Amino acid sequence: MAQLEGNLNPFFQAMCRAQTLQLPHKRSSMVSLDSIRRDPRWRDPNLHEVISMLRHPMDPVKSNAAAYLQHLCYENDLIKQEVRQLNGVPILVELLDHPKAEVHRKACGALRNISYGKDHNNKMAIKSCDGIQALVRLLRKSSSMEVKELATGTLWNLSSHEPLKMTIINQGLQTLTDEIIIPHSGWRRRDSVDASKPLSAEWTTVFKNTTGCLRNVSSDGAEARQRLRECEGLVAALLHALQSAVVNKDADNKSVENCVCILRNLSYHVHKEIPGAERFQEPHAGHLMRTVGHQKKKSEPQCCTGKRPKGLDLLYQPEVVRLYLSLLTCSHNHNTLEAAAGALQNLAAGHWAWSSYIRATVRKEKGLPVLVELLRSDVDKVVRAVAIALRNLAIDRRNKDLIGNYALRDLVANLPCGQQHPVKNLEGDTVVSILNTIYEIITDNPENARVLIQGHAVQKLVAINKSSQSTRETKAASHVLQTIWAYKELRHSLTKAGWNKSNFKVFLFILYDDITLPLMEKNQG
């Protein structure tokens, strides 16, 4: 050992001596760096030396070298790149399986820092040496909360890179659900011993990390969404956590935001993607929509399945409407508000039995005024999500009448007016969404079109049609104007107000479909 120490600088000599040195209250700990730096031979170890020490036969040297790497890599992209180029990543991944807690904990800490940031090469390097599998194994075997925080934090970082999302789902989804999501959500499986005693959610760092990771991977595409929907216990646990947040009036934290974003993403295209979805399609558009209000409330959840819902079926039960409306009422987190409105937007899309029930339930639960109130928000993304939700809800005839009476004024108030400085600086996509919602509200409803005219909307619509720099805004506005002019019974009031046919000039028809995009979080983590 003396010969080996002779070839090392004082930093590593100290780490080697730590194997046998006993200090009060710090058994086998590293000698004080202050005492090392007083040695005239002191110099900072270079990266190559630090990485070499990761393979040292003594465990304290391994752990101290990993801890030093963690320190060096903190918010230092150049050091991270050098560690990768010196093949330090595979060694750190190997150490995740080390039996000593101190070693795998510090190796995991180094990987967390290396994986953080926009350099996706570091993330791919971890994946290439089976680092995702190793992190999942570590989650299963470790009882240390600190280790779990480091492992889930690393997975959250990795999940921000698109090519790694399905790998994380394939190798870690069920483990993340069983080890973190379910226990920390407070939800209990029906067959568990204490199933009758559900607990409140624990807003721990490890839960935040894990929901952040699943939030990212849930935006990957149809296959990813379906895998998460079918993951045993996941949907139920997320819904339970949100219910706990509402009950305890704690709806503004990051974990709640993550949970709602996951559920919003899983609700996207649910009417097309769930197994057997074709069985629930409405044979005649609007048939169930017109009759749903007369169904007995107790029969609604079982109308199609005939059994108590569970798993992915929980995503589109009318009961979730109350949860999302509660979040829209009590949360002040703009991302949570956007996601909750987006979930309702997704669930109300399409023509199938459950979306009809969702649209009716929003009305019965007095959710329309909640959404209308949020149109007054100064936050662009909240206004956009709410506007699109109202558009999908207006497929229901009774909703359309109510939205026409109570929401048109606020929708119009959000529109720019020619060259005048707008009240809100809304993005073009939001303006187009509002215009498309107005179009839906006045389609086949001359009374709503009359309300629109009385609300002095024509002036704004004509101004957008003539002066907007956005082709999409111009087309959407002209489409609304065309629809208004098509109601012959309204032309007298229009001409009386000074408008003529030239003001309602028809532009190219703009095609659009249900805007129910998942909440993408490419840079999360």
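Along the chain as shown, residues are numbered 1 onward.
Glycine too: its Cβ is placed from the backbone N, Cα and C atoms.
Annotated features in TrEMBL:
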REPEAT    87-124  repeat 'ARM'
REPEAT    130-173  repeat 'ARM'
REPEAT    366-403  repeat 'ARM'
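Only residues 6 or more beyond the boundaries of the repeat 'ARM' (130-173), in the same chain, are considered here, and those with a CB under 8 A from a CB of the stretch are 89, 93-94, 96-97, 101, 104-105, 108-109, 111-112, 115-117, 120, 123-124, 179-180, 204-206, 209-210, 212-214, 216-217, 219-220, 223-224, 227-228, 231, 234, 521-525. For the repeat 'ARM' (366-403), the DSSP-based tally of helix, strand and coil residues reads 29 helix, 0 strand, 9 coil. Taking H, G and I as helix, E and B as strand and the rest as coil, DSSP gives the repeat 'ARM' (130-173) the counts 37 helix, 0 strand, 7 coil. Across the residues of the repeat 'ARM' (87-124), the predicted structure has a mean pLDDT of 97. For the repeat 'ARM' (87-124), the DSSP counts in helix, strand and coil order read 28 helix, 0 strand, 10 coil.
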